[in-house]
Amino acid sequence: MLTATSPRRFAKANRYIAGVDEAGRGPLAGPVVAAAVILPRRFAPIEDLRDSKALTHEQRTGLARKIRARAYVAVGIAEPEEIDRLNILHASMAAMQRAVLSLPCEIERCYIDGNRKPDLPCRATALVGGDTFEPTIMAASIIAKTVRDELMRQADARFPGYDLASNKGYGCPAHYAGLRTLGPSPIHRLSFTPVQMALQGSFDDLIEAASETAED
């Protein structure tokens, strides 16, 4: 997935630095989505840019539109089957690699949010907490989050009963109740413990604990 709405000549006049972040490591269902973003230096900075987790849905949506209008954006996805096969860490690294390799130009350096970095054909620096201070990573976090949220809203229409549009695949009482009633859907991560418990019919205690936590 790639959008490139800025002029192509921008590619020849700038040294490319990309920020990379992912969304969706923790959920029980759905893909992990990574984004790579190049912010053009010659354009005015994007106001109110910050970590996606510190933004409302409306703020993220508005900023995502601004980012796509001013920057190069690429997205990489690892589906639940790959997460189960590789584990979530390696699947996240694969999604990040796909995002970077989908950018339409050669990258000089990548800034990766976190303490691990994928195998990339450029210099890469892992920045712990990078989504709080590095603008390119902030932009990538916003794109990854908005793309994944939309995918989960679409998944909710295909697989009703888990409240995926609201919980985005994360564990919560409504999601656990759906797992108990319906069992896992085709987009659930079968290697994740709560999903395995649903398959075994043995997670009533987990639902009760989640309900108590929600009430606290």
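The backbone N, Cα and C atoms fix where each Cβ goes, and this holds for glycine too.
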Candidates Asp51, Asp84, Asp113, Asp119, the one TrEMBL lists with Asp21, Glu22 as binding divalent metal cation: Asp113
Additional residues around divalent metal cation, ordered along the sequence, whose Cβ is within 8 Å of the centroid of Asp21, Glu22, Asp113: Val20, Ala23, Ala34, Ala35, Met96, Ile112, Gly114, Gly130, Asp131, Ile137, Ala140, Ser141, Ala144
Neighbourhood of Asp21 (divalent metal cation binding site) by C-beta distance under 8 A, where only residues 6 or more apart in the same chain count: Ala34, Ala35, Ile112, Asp113, Gly130, Asp131, Ile137, Ala140, Ser141, Ala144
Spatial neighbours of Glu22 (divalent metal cation binding site) that are distant in sequence (at least 6 apart) but have CB under 8 A: Val32, Val33, Ala34, Ala35, Ser92, Ala95, Met96, Asp113, Ala144
Where Asp21 (divalent metal cation binding site) falls in three-state DSSP terms: strand
Asp113 (divalent metal cation binding site) CB neighbourhood, other CB atoms within 10 A: 27
